[in-house]
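Below is one structure, written out as structure tokens, with a few remarks after it.
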Amino acid sequence: MSGERILSVDQLTMRFGGIVAVQDLSFAADRRKITALIGPNGAGKTTVFNCITGFYKPTGGAIRLTHDDGKEIALERLNDFRIAKQAKVARTFQNIRLFPGMTVLENLMVAQHNMLMRASGFTFLGLIGAPNYRSAEAQAIDLATDWLKRVSLLDRADDAAGNLAYGDQRRLEIARAMCTGPALLCLDEPAAGLNARESAALSELLLSIRNDLGTSILLIEHDMSVVMEISDHIVVMDHGVKIAQGTPREVRDDPKVIAAYLGADEEEAMAVMESGS
Amino acid sequence: MTALSHEITQTSRAAGIPFILKRAFFNALVALVLFSLMVGVRTEAGPDGQLTYWPRFVELASLVGIVFGGSVVIELLRQWIGPSGAERLVPPALHSGLSFLGRYLAPALLIFTLLVPVIFYDQRYILDLAILVLTYVMLGWGLNVVVGLAGLLDLGYVAFYAVGAYSYALLATNFGWSFWICLPLAGILAAFWGVLLGFPVLRLRGDYLAIVTLAFGEIIRLVLINWQSLTGGPNGVPGIPRPTLFGIPLTNTDDGLAALLGIEFSPTHRIVFLFYLILALALLTNWVTIRLRRLPIGRAWEALREDEVACRALGINTTTTKLTAFATGAMFGGFAGAFFATRQGFISPESFTFQESALVLAIVVLGGMGSQLGVALAALTMIGGFELFRGLETYRMLVFGWAMVLIMIWRPRGLIGHRAPTVYLKKSQAISSDLVKEGHG
């Protein structure tokens, strides 16, 4: 069973001064599965995300990532860009972080930086116009074009990313993360601010990433219709601790989950219960 | 839509008069407070050294009156022209004309520059000025890598210029090395200092970065002044060898270039040679920068300017990316410095003050951050324009300052504010300057 695990978080604790944002949290994400991390506002979901993607250094605990070839990486020891580069964990942000002054295509080219950097002989070969860099760049453009087709932004390829509509920006950010060739894709509220039609398209995109490419996905989401529809496994957090986990059906019927949501926000609790009926 | 906006203008115009008076009154009040001490009281040392002072009511009253009247006129003009906006000041026809001009401006400018020594062969003043302009074009292009592409505000760029100049001066005077060996060495040494500056400022952003780079520039200058045994201190380094055409000196001797070619010697030969030397160096800077922009490192610089956090999430090593930006910019500064040393034949710390950094930064900002053509035009405007106003003598700085303010009102993001994409699928579209970030530091 352990070979099927891509990510295992063990006793993760994160403190900011006296405030405990995450307390002894343990959960696992399976390979080629979509794992959702849900919970009321302020439950510590984004903190967990920032620990996994190296933006925070956890106070305690272990985060293990296992690649396809069985190589195990301790994420809490890597920092910053190395998590994306070596551990192949890509992420998106709750408040979209594109490069607004660069074109859509350029955004996807920047995502392939490390591959292109090697191909350009760390700039020196590329500067004199070596042919292998040119073929690598053509390949990168092909991959970018492929992703633009998937997120149906191909006709916007040469527009500035900052000029895209909100929903398009969300999809572009996912495409950009996927262009890094990740083993694990971490999405921070990908459906936030999307309308019902866009949410449905997003669900479809995420399912196709899982089914066609076999990329494991970890997501934080408030939109219960998306979570319940696509998740294989759900972890529920409240006040920095895990209160439940299981399949969408199990989580939906868990009284602790309903209580947590009722205590926090009536609307969200209703959403949880309604999506069950 | 038009009716609505018309109505709004009408109401604002109707409500205008008390508003205008109120505004002018406040401006006059501020002027009164300011000028009451600066102008209203005249102080002088009396015959026995004691302080004598007397009020000057007429001067004060007339100044306050001018401010009041001026405020009214400005407010009226503002309401008459409509809401102030840079777009309104430039008619659309001129805009499209400019974009048409932009396509052919760069090649035309290049051809003209190549022909400058031919056209102005007899005018030493213009040739010297052209060399000066090209030096600043090169410095601007070098700093553009750091400020325009990577978005790192560097106020101490002159330090690398100084390192390059002193590297060449000291290597050439102490070891007798030729210019062509020293030139790359000067670039490498300056790049090394660029990395050295880069390390402590990696975590700094914005104002803090600017202050540390400013301090770095001053430190280099102070070291040059105080390390007398090496740099000659304030006396500088005299007798720096002139460059040679690959070993052939440009002098009036039997082995000089003129004698070898069998033509009559003229001191202009050296000037023309220097002109083409700096032109070649500047074009090298331009070519390398344009190429780098299309390579992953250049895209990473621009991405860093746009969003550093997103860069890290994509696995880009922001440390090396920043350091390479500093090193590349510094290297070009070092080349320019070596050229400066060989042209002047004498260098001293006085040539490397903060004012030089400020001037080069002004060129980059005025040109439009990141735009190669913009920087070249801005260098021409700043250095050439400054010479153009020489006839105005005392008022030169004033007129020049006004001209700069007007240009920045006309084009707040620099002469060429939009950004050209580095790669495209179907059609390359310029990106509006509103979207392009200025960088966090």
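Along the chain as shown, the residues are counted starting at 1.
The backbone N, Cα and C atoms fix where each Cβ goes, glycine too.
Marked as transmembrane segment by TrEMBL: B:20-39, B:60-81, B:101-121, B:133-163, B:175-196, B:208-227, B:271-290, B:358-382, B:394-410.
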Residues of the parent chain within Cβ reach of the transmembrane segment (B:133-163), under 8 Å, 6 or more residues beyond its termini: 113, 186, 189-190, 193-194, 197, 201, 206, 209-211, 213-221, 224, 275, 278-279, 281-282, 285-286, 289, 292-293, 298, 301-302, 304-306, 321-322, 325-326, 328-337, 339-340, 343, 349, 351-354, 356-361, 363-365, 367, 369-372, 375-376, 378-380, 382-384, 437-441
Contact yes or no, the transmembrane segment (B:358-382) and the transmembrane segment (B:208-227), 3+ Cβ pairs under 8 Å, gap 6+: no
Contact set, same chain, for the transmembrane segment (B:271-290): CB under 8 Å, 6 or more residues outside the stretch: 113-114, 116-117, 121, 124, 127-128, 130-131, 134-135, 137-138, 141-142, 144-145, 149, 243, 245, 250, 298, 328, 332, 335-336, 339, 342-343, 372
Long-range environment of the transmembrane segment (B:60-81) - Cβ separation under 8 angstroms, sequence gap at least 6: 12-13, 16, 19-21, 23-25, 27-28, 30-32, 35-36, 39-40, 88
